[in-house]
Amino acid sequence: MSAAAHLLLRHSRKLRTLHNALDCERSGLVRNFSTASGSLPTKGNAGVEKRIGGARFPQCKQPGKELETFKVPLGGLNGRYTCRRAPNNCIPNTITGLNCSLSCGQVASARSFSSSADLPPHQEIGMPSLSPTMTEGNIARWLKKEGDKVSPGEVLCEVETDKATVEMECMEEGYLAKIIHGDGAKEIKVGEIIAVTVEEEGDIEKFKDYKPSTSAAPVAPSESKPQSDSAEPKVEEEEPSRTPEPKTPKTEEASQSGDRIFSSPLARKLAEDNNVPLSSVKGTGPDGRILKADIEDYLASVAKGGKKEALAAPGFGYTDVPNTQIRKITANRLLSSKQTIPHYYLTADTRVDNLIKLRGELNLLQESSGGKKISINDLVIKAAALALRKVPQCNSSWMSDFIRQYHNVNINVAVQTDHGLFVPVIRDADKKGLGTIAEEVRQLAQRARDNSLKPEDYEGGTFTISNLGGPFGIKQFCAIINPPQSAILAIGSAEKRVIPGSADGQYEFGSLMSATMSCDHRVIDGAIGAEFLKAFKGYIENPTSMLL
């Protein structure tokens with residue numbers, strides 16, 4: 001074994017006893033080791049049982065058998081290790097890693113053992129990644145409670161992702177022994193343990209006080225991290241003795257009542273960075289001194305407490321509203337869009353008198369046949385989809401080394417809800433009838449308001465439409481492009497205007513609607529964007545052509 005491996009084994013908490021296992025002749029393949037296991041007790045040849053990372057390995061010697069090579073994750077150790085096994089039910093292994101070789105023998109496979117003798121086999125369930133951009137999620141609510149039996153396909157809980165609330169299904173049969181993060185838990189990282197299941201109902205009680213291991217970091221960072229962590233509390237502990245009773249009060253430590261507020265420098269710095277008034281924090285140090293931990297507890301209580309009235313200067317009150325996961329991701333994506341995409345805008349006024357007339361005629365037919373009414377927005381979606389088919393350059397995405405032009409016209413429709421902004425998608429809108437589009441828009445909008453959209457309801461769009469005209473009466477606005485798309489169409493309200501008539505000197509009233517297209521100049525040149533708006537305007541002003 002190299003000197004580097006010796007040094008690593010001596011200083012790592014997880015691997016400090018690994019050298020005791022390096023001489024073992026046999027071990028076994030174990031599934032789902034607990035990362036909490038750190039001890040590696042072994043017995044001599046007289047004993048048939050060896051344990052590595054909390055799993056027991058019965059020996060059986062079968063010399064002369066041909067070995068095959070495979071890879072296996074070793075619980076409690078970081079990385080994957082190459083193993084060799086014999087072609088039978090017993091599994092002779094040679095595990096290599098850390099510049100050394102761990103030769104082992106045969107064992108039966110086992111499930112998720114803990115290093116603690118009190119814990120039976122169990123499975124730790126982590127926060128899943130339910131969308132391509134998801135890095136953390138919130139628990140909306142649990143549909144199962146501790147002690148319930150679970151089966152594959154049953155919904156365990158509802159997870160709020162960066163786009164919607166998604167149901168999380170159980171993958172294996174068993175019993176829900178422990179819920180780590182309950183209803184309303186916020187900002188849980190992907191992979192962080194949220195629950196534990198067991199195979200036997202009688203094992204549930206043993207997980208009453210179970211806490212997941214937090215030692216999942218790589219070995220190298222874990223060696224240096226405790227040093228930095230231990231140095232920080234030391235500053236706080238020494239500060240009370242290092243700071244004598246002040247003789248001259250500082251103005252920054254005076255409260256509104258004129259009483260002195262004692263705080264450590266670290267606490268003051270943290271409070272300033274997070275705009276926390278020291279007068280609103282209760283100190284737990286000597287003589288009521290405010291420590292860094294007090295500020296951290298205050299920030300944690302604000303984060304978990306939802307809406308909280310913030311203390312501020314007299315006569316200046318406000319309320320801090322915590323951001324939902326959807327709003328955070330939306331904000332980041334829109335900020336990135338404005339910073340990285342070269343936007344430019346094209347606006348066209350379209351006359352919608354013929355469109356309104358056609359809509360009235362179609363709705364009469366819909367009512368007689370028992371169908372749903374068609375809205376102006378449904379007609380706009382159809383017109384935009386047909387214009388994209390005519391000008392496919394606008395149905396594209398910038399991919400750095402190339403421009404990807406889509407063959408399907410999938411229109412995202414912006415829907416504002418109490419939970420945030422959603423953009424459900426109408427797939428192949430150019431090929432669907434107006435009645436089908438109207439029905440899909442209604443269903444998806446209702447799911448968005450109920451916060452029950454599934455990933456397939458909003459992923460895969462190639463173009464977006466945002467309509468603030470009909471619902472809100474906005475005359476004209478510029479929308480932000482929804483990456484990775486290259487354009488978005490903003491629809492304003494229709495209003496009566498005086499326009500030139502058919503004869504010279506004559507004027508008439510007409511209903512005009514503003515449509516503003518935001519374009520990515522990397523993908524859509526000005527002339528191409530103008531060509532799209534020309535095609536869109538043609539379908540809006542001559543709506544019967546959409547039916548051909």
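Residue positions begin at 1 at the first shown residue.
Heads up, the Cβ atoms here are built off N, Cα and C, so glycines get one too.
Record features, source TrEMBL:
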| type | residues | note |
| --- | --- | --- |
| COMPBIAS | 240-253 | compositional bias 'Basic and acidic residues' |
| DOMAIN | 122-198 | domain 'Lipoyl-binding' |
| DOMAIN | 262-299 | domain 'Peripheral subunit-binding (PSBD)' |
| REGION | 207-260 | region 'Disordered' |
**Asked** When the pLDDT values for the domain 'Lipoyl-binding' (122-198) are averaged, what is the result?
**Response** 87
**Asked** Do you know the DSSP helix, strand and coil residue counts for the domain 'Peripheral subunit-binding (PSBD)' (262-299)?
**Response** 23 helix, 2 strand, 13 coil
**Request:** Count up the helix, strand and coil residues in the domain 'Lipoyl-binding' (122-198) according to DSSP, in that order.
**Result:** 0 helix, 39 strand, 38 coil
